[in-house]
Amino acid sequence: MAPTLSADPADRIIVALDGMAPDQALRFAAHVDGLRWVKVGLELFVQAGPEVVAQLREQGLRVFLDLKFHDIPATMAGACRRAAALGAELITVHACAGSEALKAVKVAAEEGAQAAGQPAPTLLAVTVLTSWEEQRLQRELAIAQGIAERVPALAQLSATAGIGGCVCSPLEAAALRAQHPQPFALVTPGIRPRGAAVGDQARVMGPAEAIAAGASQLVIGRPISKAEDPSAAFAACCGDL
């Protein structure tokens, strides 16, 4: 199930703290007017440790812990149990870990959150990373399915296992929303406001278009975090919605 969101557009935008040192991330998050959600990825988590989740929550922020767990079921379950205890409201796992692992992490996350007195997080399954292009996926990983087939197949696998949503490119959001109505969460990176550089994302869309396509929440990084005025950039993205 998706996290509870208000009607405020600010609740729809998750700002990625990628590429920031811990102190920088905390200062940045504290000074973006109206910010509600932040994403903690691998780089920041490895550098700062689990404490960064608590520190961001102390600032009144909601945390998307994007560590993309992918391992054997027992290891994934243990990691999700501990991540849920931190109070992160969104946690990512790789759908291609398989149904056994997906079922295990759902149970473990609920147990970890309950033991720590935290609400159960929404688990998000990663389908196909937005940096992949179809030709590379087939050539380098020998996956015969095209992206248009693989993404919905992995989303269905995840939903059947009880996972609360998935991470997908905004280009796949409309098809997935037709397959999985609310409250199944669709969180979309690869969001680029008009005029923003595409960077290392291969499948991108604007904020308003992504929401119209069925996305629940949008992950936006550099167009806000690297802006001359991050508060103004965040407000502009909210205004687009």
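The backbone N, Cα and C atoms fix where each Cβ goes, glycine too.
Here Swiss-Prot flags D18, K39, 66-75, T130, R192, Q201, 221-222 as substrate binding site. Packing around P73 (substrate binding site) is summarised by its Cβ count: 17 other Cβ atoms lie within 10 angstroms of its Cβ, all protein chains included.
Here Swiss-Prot flags K68 as active site, proton donor. Non-local contacts of K68 (active site, proton donor) by the CB criterion (under 8 A, 6+ apart in sequence, same chain) comprise L42, T92, V93, H94, V126.
Secondary structure at H70 (substrate binding site), taken from DSSP and collapsed to helix, strand or coil, is coil.
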